[in-house]
Amino acid sequence: MRHLYEIQAQVTTNPIPSIDPNLIAVKLIGVSASRACHRHGTLIFTHFLASPNIFACNALLKAFAQNNDWLSTLRYFNAQLVLPNAPDPDEYTFTSALKACAGLVREEEGRKIHGLVTKYGCEWNLFVRNSLVDLYFKVGCFGIAHKLFDEMPVRDVVSWNTLVSGFCLSGQVEKARIVFDGMVERSLVSWSTMISGYAKVGDLKEAWRLFEAMPERSVVSWNAMIAGYAQNEKYAEAVELFREMQQVGGLAPNHVTLVSVLSACAHLGALDLGKWIDRFIRRKRMELGLFLGNALADMYAKCGCITEARRVFDKMQERDVISWSIIITGLAMNGHADEAFERFDNMIEHGVIPNDITFMGLLTACTHVGLVEKGLNYFDMMDQTYGIIPKIEHYGCVVDLLSRAGRLDEAEKLINSMPVKPNVIVWGALLGGCRKYKDAERGERVVHRILELESDHSGSYVYLANIYASMGRLDDATKCRLKMRDNGVMKMPGCSWIEVDNVVYEFFMGDLSHPESDKIYSMVRELRWKMNLAGYKPKTDLVVHNIDEEEKEDALSVHSEKLAIAFGLISTSEGTTIRIVKNLRVCSDCHDATKIVSKIVNREIVVRDRSRFHHFRDGRCSCNDYW
């Protein structure tokens, strides 16, 4: 771009009379677009040209479309139609405009442009017809799309790719495969589209078979497979394939690659790789656009680095409701409720309308600090102020808010008055309150409601057995566990992940599969001894199996997060922050133990469980023991 600016300065200060300024403008705009600096192309078009011709107009529209700036594409297209002395649109003009309508899924506007296409005699142009077929598929008018395709007198590989893509888009992957298998000529796009189609319906095995069968691969095909893994929650596989893309494929990732990998990093808690991507973006001077900026901020927020998430958010030149929701939810999850509320106020001041995800973030913030009345006010605000109908997730969050605060009667009343049928998660939130406040009668009633909805809900059986055991009804507790076994109900095992040197390690309770298990368990014993000296008392009442007290303490000492913390201590240098991700809520014993460990080893330990982040430092936790 520096060289482009120099050339632009030369042709501006020393114009060449024999060369049409439109020709120079087309070249300058094209280079700007290729460097994702299409806004600079707009300045060239506006200030450099007194009378733009159709080539300059099309160059600008193409620059916007090339960078997915669909709104600007349509705005300049519509301006071109009404400006006096503006050149008539041609097939290239319509191609960009139709792409924008497809990108924005605007059927009505697309139909109007279709009318103009016919008026200007461009309906049978191959490029325009391909764009029309693509548009109608993307707005859901499959019949019209098929008709337009069937009427085409000439088709190229793009036409067939558009048909394959359309079938995949409508979920008809088998039809897409028939077309794909019958294609005389296939491009990299053909292969990538089919891979994405199979990934969309969750058939990753077939997607992988196609990926392996490709005669050659581009960044687009690697992106399709990486995104397929990420979208189907195969995050470790997505990261592994990303590494393979760089090592074996020898290809540099682009914006699309990085968005998918950052999503995988966010779910795995793979902060080291996420930080590497951040440095890569800065080193390559990649524009921190909306999608990439959102993905990077989300990764930092979900890895517990809220300071870095703030930095990325503040650096973004363009923000949408997703950007604001990410930072609000991130602050809420990391225990910064007051700042989450402030950001919401800033969002409203900037004229951004909140959505249902924004309010989930706000309700989560209230839940994690026990602000019941404020949470109820936000809940009412959704419908009354913004016309957002609360979803079942919002009801679940409010039930959780009331239950954590001990307002169990109100929580149950809210569930019974919900306009939608409560699910297991909603009843589970109330069950959590029953567990916390030892309301056995209500808890037993709630368990039966849950089992009516989901007969294999392991948590309900375990809760019921625990309740019976605590009440001395040991026979009933045994019967409950036997029923659980006879019905084939398996309790979801606790699992924790930790990233060390760019590798994510997985631990289960009592795990012995790690090659350094001897060192890990040696560290567990050392920590246990030091914790006992510091006053730690294991919460053996959490272990309901009929075993002696010492065995209960042994069982608690090998919970998955304790093994992950021990591995982190033997694998990293002193002072390094240890970051753990857990699939379940952290138990109260592990919570107390981690507080003490953070003080003993003088380290910060960050644990992300299913509910929130816990930042343990110097014997205290950011949740203030309210989680």
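Count begins at 1; order follows the chain as displayed.
Each residue, glycine too, has its Cβ placed from N, Cα and C.
Database features, via TrEMBL:
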- 156-186: repeat 'PPR' (REPEAT)
- 187-221: repeat 'PPR' (REPEAT)
- 320-354: repeat 'PPR' (REPEAT)
- 535-627: domain 'DYW' (DOMAIN)
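Same-chain residues lying 6+ beyond the ends of the repeat 'PPR' (320-354) with a Cβ under 8 Å from its Cβ atoms: 290, 293-294, 297-298, 300-302, 304, 306, 309-310, 313, 360-362, 364-366, 368-369, 371, 374, 386, 388, 608, 612-613, 615, 622-623. The predicted model assigns the repeat 'PPR' (187-221) a mean pLDDT of 94. With a threshold of 8 Å between CB atoms, the same-chain residues lying at least 6 positions outside the repeat 'PPR' (156-186) that come near it are 126, 129-130, 133-134, 137-138, 140, 142, 145, 149, 193-194, 196-198, 200-201, 203. Taken residue by residue, the repeat 'PPR' (187-221) breaks down under DSSP into 26 helix, 0 strand, 9 coil. Taking DSSP states H, G and I as helix and E and B as strand, the repeat 'PPR' (320-354) has 26 helix, 0 strand, 9 coil.
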